[in-house]
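Just below is one structure, and these are the notes that go with it.
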Amino acid sequence: MASQFQAYFKLTKFRLTSTVAFSSGMGYILAERGQVDWLNLVLFLIGGFSITVSANIINQIIERESDKLMKRTASRPLPEGIITVQQAIITSALFLIAGTVILAVYSTLNALILSLISLVIYSFIYTPLKTVSPIAVFIGAFPGAFPPMIGWIAVTGEYGWEPGVLFAIQFLWQFPHFWAIAWVLDEEYKKAGIKLLPTKDGRSKHTATIIMTYTLCLLPLGFLPYLFGMSGITSAYIALACGILFFFQTMYLWKECSVKAALLLMFGSFLYLPIVQIAFVLDKIY
């Protein structure tokens, strides 16, 4: 029973799903003009979390055969046969229904629609495209950048420049983030036929130059929340400082072209986004 529970827990990709929920929560708090309705926020996060779990399970169903080929993913519940495809489909459907109902009641229609669009793009377009072309990273960056936008729209019910700003920052951040991961796991990905690095040169200065360019473009975006009155100037400078450090890591990758440098960049990307988003929120509140 315990091992079965652990398998289902693993199926949810809890850490990944939690980061998605976190960024949507940041968007939600930034959109609130008065006192945050914490109960509604928690319920919104549960709804979004559930839909994200559903998408992650669909992803694992589709990739169950290729997951067997990689050491990092071979121990997932589906490749190991601990959970059957039928059980995974039922679990995904239950999470999807639960998330849809919760968001329908405690969110807005536009936030619900965008959440479902995100699931479709991630599960049925990005996932199979990973073995076809590196353009999968571009496609996957859309659902990857929707969470803070969904959080904002869950409060306001409307699209606009402000949620677009949150989307733009997270959208551009994903390129160095995913390419750093793809660099580290390049040999594993090749076994499974996954193509995510932006050039055919693989781990090369050409690839590192592209990663540097995208990271450089991210630097000025940190000032947009301040310019649109979403947050203060302090957080803009924090975002700039984090962006510069992030860029220095890409320079190190260009110089070394090593897995070690890519690992540092990967961990740097993990830190960049939550630090910047927390800075925006705290600067708005205080």
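Placed from the backbone N, Cα and C atoms, the Cβ positions cover glycine too.
Under the heading transmembrane segment, Swiss-Prot lists 14-31 (among others).
Here the transmembrane segment (38-58) has Cβ contacts under 8 Å with residues 11-13, 16-18, 20-21, 24-25, 28-29, 88, 91-93, 95-96, 98-103, 105-107, 111, 115-116, 118-119, 122-124, 127, 143, 147, 150-151, 154 of the same chain, all six or more residues outside its ends. For 38-58 (among others), the entry in Swiss-Prot reads transmembrane segment.
Cβ atoms under 8 Å from those of the transmembrane segment (94-114) belong to residues 40, 43-44, 46-54, 57, 146, 149-151, 153-159 of the same chain, restricted to positions at least 6 beyond its ends. The transmembrane segment annotation in Swiss-Prot covers 94-114 (among others), and the record cites sequence analysis as its basis.
Residues or ranges marked as transmembrane segment by Swiss-Prot on the basis of sequence analysis: 135-155 (among others). Counting residues 6+ beyond its ends, the transmembrane segment (135-155) has Cβ neighbours under 8 Å at 20-21, 23-32, 44, 48, 55, 103, 107-108, 110-111, 114-115, 117-119, 121-122, 125-126, 129, 162-164, 166-171, 174-175, 178-179, 182, 195-196, 198, 277 in the same chain.
Per Swiss-Prot, transmembrane segment is recorded for 165-185 (among others), and the stated evidence type is sequence analysis.
The transmembrane segment annotation in Swiss-Prot covers 207-227 (among others) and rests on sequence analysis.
Cβ atoms under 8 Å from those of the transmembrane segment (228-248) belong to residues 30, 161-162, 165, 176, 212, 215-216, 218-219, 221-222, 265, 268-269, 271-272, 275-276, 279-284 of the same chain, restricted to positions at least 6 beyond its ends. Taken from Swiss-Prot, the feature transmembrane segment covers 228-248 (among others), and the record attributes it to sequence analysis.
Beyond the ends of the transmembrane segment (262-282), by six or more residues, the same chain brings 19, 22-23, 26, 29-30, 148, 169-170, 173, 176-177, 180-181, 183-184, 203, 211, 222, 225, 230-231, 234-235, 238-239, 242-243, 245-246, 249-250, 252-253 to within a C-beta distance below 8 angstroms of the stretch. Taken from Swiss-Prot, the feature transmembrane segment applies to 262-282 (among others), supported by sequence analysis.
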